[in-house]
Amino acid sequence: MTKLAVFASGSGSNFEAIASAIENGELDASISLVVCDRPGAKVEKRAEAFGIPVLSFYPKSYESKADFETFILQQLNEAGIEWIMLAGYMRLIGPTLLQGFEGRIVNIHPSLLPSFPGKDAIGQAFEAGVKLTGVTVHFVDEGMDTGKIIEQDYVRIDENDTKENLGRKIQAVEHVLYPAVIRSLLQEKIKR
Ligand code: GRF
């Protein structure tokens, strides 16, 4: 069974969607480790509920990104992790992890990339007044949400949507799309 690590900084609803898909037998994989760069984030509690170990760390207690990524890489290798799934990990991945997991790091982003990369993509789309936005799952490279697109799905922005309920609509799509894309990746239906 393929061993995944999920990296998250916040709520962890996408982590939970992946973990639930595994539990329901929809995804033949295991999440062997959750990596969290914000100790105390809600994702820790969610991981605990699934009995999944969490590696939480304070980036600021390391001298550099290379230092903490070297530590993480070591832990991932020890745990036999094959893929890294970013799910709300609010930090650019550096050369250490990119080289260690070349072609095996994936991210989910709440817009139709290349529109609205970076922070608050939902707010950016809402403010821009576009009628369609959505969700992108993509491979991770050194840029900010710039890696090769794997799959997308759209969400319509209606007249009476608020930013908050747009967020809920986007998350509902994410929770279906991410596990489905991971399944295809692990079945090698997607070319890297
Ligand atoms: C998601 O909207 C994801 O697309 C973005 O960060 C958010 C994380 O949400 N990268 P959650 O922590 O999975 O609930």
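The backbone N, Cα and C atoms fix where each Cβ goes, glycine too.
According to TrEMBL, Met90, Arg91, Leu92, Ile93, Asn107 bind (6R)-10-formyltetrahydrofolate; the candidate from Lys60, Lys65 that the record adds to this site is Lys65. For Leu92 ((6R)-10-formyltetrahydrofolate binding site), the spatially nearest entry among the recorded positions Gly12, Ser13, Asn14, His109, Asp145 is Asp145, judged by CA separation.
In this structure the alpha carbons, written CA, of Lys65 ((6R)-10-formyltetrahydrofolate binding site) and Asp145 (site 'Raises pKa of active site His') are 18 Å apart. Same-chain neighbours of the N(1)-(5-phospho-beta-D-ribosyl)glycinamide site beyond Gly12, Ser13, Asn14, judged by a C-beta within 8 angstroms of the site's C-beta center, are, in sequence order, Ala8, Gly10, Ser11, Phe15, Glu16, Ala17, Val43, Arg46, Ala87, Gly88, His175.
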